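J.: So TrEMBL has the following annotated:
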type	residues	note
BINDING	W109, G136, A137, G138, D161, W189, A207	S-adenosyl-L-methionine binding site
Amino acid sequence: MITKSQEKRNLGFGQIYLAVNQSSGVDEELSPNTLYLTLKTSRSFCVLMEESSRPSSANSNDSFNISEFLVPARDLKLPGQSSVTFDGLLKEPLLLKEDLKEGCGGQLWPAGMVLAKYMLRRHHSDLSDKTIVELGAGGGLVGLAVARGCHVGPSPLYITDQIPMVSLMEANIKLNNLSSTVKAAVLDWGDPIPADIPRHPAIILAADCVYFEPAFPLLVTTLKELLGPDSVCYFCFKKRRRADLRFMKLAKKAFSITEISDDPDAETYKRENISLYSIRAKQDNTGLRND
Ligand SMILES: C[S@@+](CC[C@H](N)C(=O)[O-])C[C@H]1O[C@@H](n2cnc3c(N)ncnc32)[C@H](O)[C@@H]1O
C-alpha cells in the first residue's frame with residue numbers, strides 16, 4: 001500500500017522504499033507514525049524488527065515525518081559467537097556464530113530461544129524416528145538445539161532458510177560437530193519444496209518467521225505443502241506490530257491452530273508478546289486433509 005508521497009532512499013542496507021502517508025488512518029495498523037515501509041533486503045528487516053519494539057517517542061524528523069528509528073544499524077549486533085545452554089537444559093552448550101551481514105537470521109531471536117527451550121523440555125524423548133524440518137532457521141538456533149538435546153534421527157534434521165543464510169547454518173553445524181545429524185538446505189517460502197526435503201515431515205519448527213507482511217502468504221503456502229495429515233508445526237513468534245496478527249488470521253483460515261499450554265515459561269514470554277502454537281493441517285471428519 002503505497003500512498004501519497006513516496007521516497008526511495010539508500011540507507012546503506014540496500015534500498016528501502018518509504019511511503020509516507022501524512023493523512024491519518026490510511027494504514028493505521030502500521031507504525032504510530034503512519035509510516036509504511038517495504039524493506040528490500042532482509043538485513044534491513046532487522047532494523048525494523050529491532051526498532052519496532054522501541055517506544056515511539058523517538059520522534060519524527062523533518063519533512064517526511066520519518067522516525068529516528070530508521071537511522072541504520074547504529075546498534076545492530078557485531079559478528080560474534082554465543083554459547084547457549086538454554087538455562088541449563090543443554091549440558092554441552094550450543095555454539096552459535098552470529099553475523100548479520102547476510103540477513104536478520106544472523107542473530108538469535110527471542111522466539112527462537114522460547115521454541116528451543118520448549119522442545120528441549122517437552123520433546124526431549126519423543127522425536128526419534130521423526131522427520132524434522134526447520135523453516136526460517138537463520139543460524140540454526142532451534143534445529144541445532146533440538147539436534148543436540150533431544151533424541152533425534154536416524155533421518156537428518158533439516159534446517160532451512162534462503163540462500164544467503166546457508167553458509168552461516170553450515171558453519172554452525174560444523175562448529176557443534178552436528179554434521180552427521182543436521183543438514184542445511186535452501187527452502188524459500190512460496191517456492192516448490194526442494195526434492196531433498198521430506199515431503200510431509202512429522203515435525204516442522206518455525207521461530208520468529210512473522211515480521212514481513214508480504215511474506216505471510218508465502219509462509220502459509222509452504223506450511224500447506226509441508227503439513228501432512230500427521231505433521232505438526234511448532235510455531236513461535238513475537239508480535240511486534242499489529243500487522244503481525246494478520247498472519248494469524250490467514251493461518252487460522254488455512255490450518256488448525258492450538259496455543260501450547262504445557263510450557264512453564266509461558267507466563268513470562270507472553271508478557272513479551274511471544275506466543276507459541278501448534279499448527280496442523282485441517283482435516284474433515286473422515287480424517288482426510290481439507291485443502
Ligand atoms: C527473525 S529471523 C529468525 C531466525 C531464527 N528462526 C531464530 O529464531 O533465531 C527470520 C528468518 O526467516 C528467514 N526468511 C525470511 N523470509 C524468508 C523466505 N521467504 N523464505 C525462507 N526464509 C525466510 C530469514 O532469512 C531469517 O533467517
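Yeah, the Cβs are placed from backbone N, Cα and C, and that goes for glycine too.
Predicted automatically and left uncurated, TrEMBL annotations should be read as such.
Given the structure is predicted, the values throughout are model-derived calculations rather than measurements.
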J.: Other than its own, how many Cβ atoms are within 10 Å of the Cβ belonging to D161 (S-adenosyl-L-methionine binding site)?
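T.: The answer is 27.
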J.: Among all the protein chains here, how many other CB atoms are within 10 A of the CB of G136 (S-adenosyl-L-methionine binding site)?
T.: 26
J.: Out of W109, A137, G138, W189, A207, which of the binding-site residues has the smallest number of neighbouring Cβ atoms within 10 Å?
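T.: Sparsest of the binding-site residues W109, A137, G138, W189, A207 by Cβ contacts within 10 Å: W189.
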